[in-house]
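Record features, source TrEMBL:
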REGION    73-93  region 'Disordered'
COMPBIAS  82-91  compositional bias 'Basic and acidic residues'
DOMAIN    200-352  domain 'Peptidase S49'
ACT_SITE  268  active site, proton donor/acceptor
DOMAIN    451-599  domain 'Peptidase S49'
ACT_SITE  467  active site, nucleophile
């Protein structure tokens, strides 16, 4: 028997508006020597949340016909056995206190200051910056969670964060001027950038924002800065957030296509767009909860940053304000200026003559400045950072690009090299993934579990770590997520299309000759399931869900009954996942690193070297 199962997954893609959950099997699979053809499965699920300003995709999370028993076997002597784990489940353990990872700014002085100045003198020309310069960064478009080479275009979250840290300590940088325009990233990355803006302010240097086009996410970042400026014609769309869902059930019914979908987990909404004509109560509950989390967090942060009451901010939003003058009057922006006027203002602040050019260094050039030049290099203790971004596959496709997702065999190679090396004291697994191939996820889970048996492993979640992304994370000893990281999604959905009526309408006929009672389970798309096939289909999906759920319970030291309450295919925001035991701490990469130092008993103020490995 052959089958294809999907775990609904959630992913961030370039536009911030809708939330889209999609499961796709794009074309038939032909198995040589068996001559068995899997029927095509069309896009499975598409739900949009335009005003959430975030896309979430659900690439297929597929299972083989029989999930390997060894995938769930932890009999290795280096890992706790199932019985040992079960004994711990009922025990009341103390909640571990984790360090916050907040930046403690300490001005460079004395002998160290002299050494830094000397390093600046001998730095390469492309690493030199004029004294009194202003760091300018244009935050717009897509922001990658991966490190980028000096020749790559686009923004990199690690590089943005590092630039803030360097600028805080760099005596040549007087302040930061941010251009914030529409962003194509999730709320997790926005939280991380905002945290670094707040940390930079501890240096006492100025940081101002310029917002020619601004929505909720852009304003969320801007209000962390000391001052906000906008041109008179700026586009402000602070109207609130919405949820939308579209359904094709009625359309497919009219054209003679019958989706036969088996979903395990009442919140597992993948497939609803094809089978339903309206939103289910469970899906509505889940999406409403996610929307409330994002909107509530936005109101709390903005009201706190602008020194206003939450209800006043909400009232202002509900007035439908679009005039920049009104934003200034109500104190949401500092003033109305064009870019050249802001630069003239900076000249005056820094004592630069009007006829002189303001010394500015952009994101790309400043990214070339080495931390070594500023005396920010770590000590002898090495912490490895393995970044895993994108959809999960087991092997790389011949047509895929090097940055097209997580390739299990390459990640496993990195994990093994770190495990076998004595150089690394701890490991951070940075995950920004909606999931993907189930077998690949399980193989990586096994390797991360083995790694965690030899040294501390901390999982740090980005925008999304759901389904297969959560599968990877739950192998770590500690999981850290942002407040609005999308995670969980422990469930299964599987199905096929019955195209019989469509074939009849268009005059197409298909006949199948088979051997074996269930040989036509997925091959015969011209008819519906027989009762015995439907029963087998349901049982196989139930079995896949049980294995996924039980493994999650085992990994999180949680009774299966308790895990069942938080599984059911539900996607959780990070803070809700933390309160339900799916996540251990709230924060970004800096907190994950602080926890890693805590685990290996390194003082938080001791310099540590972070070695980044990407897929």
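Note: Cβ is positioned from N, Cα and C throughout, glycine not excepted.
Any TrEMBL annotation is an automated prediction that lacks curation.
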Neighbouring CB atoms within 10 angstroms of the CB of the residue listed as 'active site, proton donor/acceptor', all protein chains considered, total 30
Using C-alpha atoms only, work out the spacing between residue 467 (active site, nucleophile) and residue 268 (active site, proton donor/acceptor) and round it to an integer in Å. 11
Where DSSP helix means H, G or I and strand means E or B, what are the helix, strand and coil counts for the domain 'Peptidase S49' (451-599)? 64 helix, 29 strand, 56 coil
Give me the count of other Cβ atoms within 10 A of the Cβ belonging to the residue listed as 'active site, nucleophile'. 33
